[in-house]
Structures are given as C-alpha cells and as structure tokens.
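Have a look at the structure below before the remarks.
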C-alpha cells in the first residue's frame, strides 16, 4: 500500500516540497506519494482532516497555517512548543497527531554543512517573526555562545528574548539578548536574516560595521540569483554568504526522517534543486 504525504499551504503552487520528498524517496524503494494541497484560508482543519481520513500518514504545513496546525496537535516537540508553530504533522498509530517544527533544525544542519561546528559562535539574528522564533532553540542547542536578536520593532525582539530566557529555569538567560538595530556593536561570526525583505529587494536598516571579513551571512530567502541581503553582505566584505535553499532541504529531510526513520542524502538533493531553480524561467 502506498503511503500518502502532503504539504498544505495557501498559496502552494510554488512549493518545492513535492520535488524534494520525491528525490528523498527515490533511493529508498519505499512506496509513497507526496502532493501539494491548496487549503482554503478558512478551511485548513477540514482539508487536513479529510486528508488523514483518506489515509494520509503525515503532512508539512506552510504559510499561513503553521499556528493553526499547532493548535490541532495532541502532542508537540520542544522545538514546536517554543516556536508556537509546527511545520510537520505525523498521524500516530493511536490516531493522535504529533506536531514538530523542523525549520530551525534545517537551518542548523545547513549551517553545520557549510561551516562545521557552531560551538561558541556569536550570532546575530535579524527579525522577530515566526521564522526567527522557530530557529532560536536549535541554534542555542547547537552550542552558540551568544545570540543577539534585532528587529525593526524592538519590543518584538524583546518578547522573544523573554520567552527563551524563561526556558529550563533560565538556562539560556545569559546567551540571548535583544538589541536595537542602531545600537548593534562588536563583531559577529554569523549574521542570519530571517526577514522576507530580500523577496522585494529591500534590506533591514543595519549598520555596516557589524560585517567583517570573518563574518558569514545567511539569508533564509533564496532565488536563482544572489538575494538582496547577501549582495549587500558581499559588498560589505563578508567572508561568505549562504541562502536558504539548504535550510529548505534540511527541514524537509528532518520531516522525512520523522515519518520514515531514514536520513536522506541532503547534498545530492540540494544540488538537484539548485539546478532546477536555475533552469526555471526568470
């Protein structure tokens, strides 16, 4: 019997997930399908229920349904709990739904693939939305020394800090802080842009001195050409820039492993996906 998986979103036609999971499944000889499902903005729960009732085993969730998916779960992972959102749903044998958030795990996996260990790194995280929130715990668990969160609206960055400094009796209290963009100081090993500004060719209002010839800049956005943020980072002398395509493949791999118990080869699929992206009409 063929196991069914899907990604839910609105819009969803642009999703790379069916291609990625198809490539993950191909070498395993396992029988499964993965489709993109356009759920009505006001009909996600009904669409998901219908999918599971029809034999669906698991699902990915993207914009704008991650928070709704979180509310539907019977159990959630620590990453999902702190993110307040899920991107991966698993229908368990007892009929309950487990929610995971693999976005931050995908980010960390891609950073490690590119840079090696993140131990003792000083990291700047730009943005304080859902994308930022989902990657904080995985970054901290990867052993970074300090995480600075900076956002146009400072109160949102401070809210994230308050959430994470209360975790595990304050275990992260000395490692996470919020700083106004115009007050950023010192050098950073890694700067991560979690905002979607690059999609419209815009940049966060950052001081140029935060980038040195040792700084690696990571934009969660991606495209056929270098993103606006990464272009700016290179112009300021960054040592290396990375876009979010590897994070996309990485989070998908974590989902695939949760469902199938198999760790797929992400680098092969990332190369195929990059080639596919470059070949798409501009």
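Glycine residues also receive a Cβ, built from the backbone N, Cα and C atoms like all the rest.
Swiss-Prot lists 15, 16, 17, 62, 87, 103, 222 with the feature shikimate binding site. Feature annotation from Swiss-Prot assigns active site, proton acceptor to 66; the stated evidence is sequence analysis. Residues or ranges marked as NADP(+) binding site in Swiss-Prot (evidence: sequence analysis): 127, 128, 129, 130, 131, 151, 152, 153, 154, 155, 156, 220, 244.
Positions of Swiss-Prot features highlighted on the structure.
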{"residue": "16", "record": "shikimate binding site", "Cβ within 10 Å": "17"}
{"residue": "62", "record": "shikimate binding site", "Cβ within 10 Å": "19"}
{"residue": "66", "record": "active site, proton acceptor", "Cβ within 10 Å": "24"}
{"residue": "87", "record": "shikimate binding site", "Cβ within 10 Å": "30"}
{"residue": "103", "record": "shikimate binding site", "Cβ within 10 Å": "31"}
{"residue": "127", "record": "NADP(+) binding site", "Cβ within 10 Å": "24"}
{"residue": "152", "record": "NADP(+) binding site", "Cβ within 10 Å": "15"}
{"residue": "154", "record": "NADP(+) binding site", "Cβ within 10 Å": "17"}
{"residue": "222", "record": "shikimate binding site", "Cβ within 10 Å": "22"}
{"residue": "244", "record": "NADP(+) binding site", "Cβ within 10 Å": "24"}
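Between the CA atoms of residue 152 (NADP(+) binding site) and residue 15 (shikimate binding site) there is a gap of 29 Å. Residue 66 (active site, proton acceptor) sits 16 Å from residue 17 (shikimate binding site), taking the C-alpha atoms as the reference points. Residue 127 (NADP(+) binding site) sits 25 Å from residue 17 (shikimate binding site), taking the Cα positions as reference.
Considering only the binding-site residues 15, 129, 131, the Cβ with the fewest other Cβ atoms within 10 Å is that of 129. Of all the binding-site residues listed here (131, 154, 156, 244), 131 has the Cα closest to the Cα of residue 62 (shikimate binding site). Cα of residue 87 (shikimate binding site) to Cα of residue 129 (NADP(+) binding site): a span of 15 Å.
In this structure, residue 222 (shikimate binding site) belongs to neither helix nor strand by DSSP; it is coil. Of the recorded residues, residue 16 (shikimate binding site) and residue 244 (NADP(+) binding site) place their C-alpha atoms 13 Å from one another. Classification of residue 66 (active site, proton acceptor) by DSSP places it within a helix.
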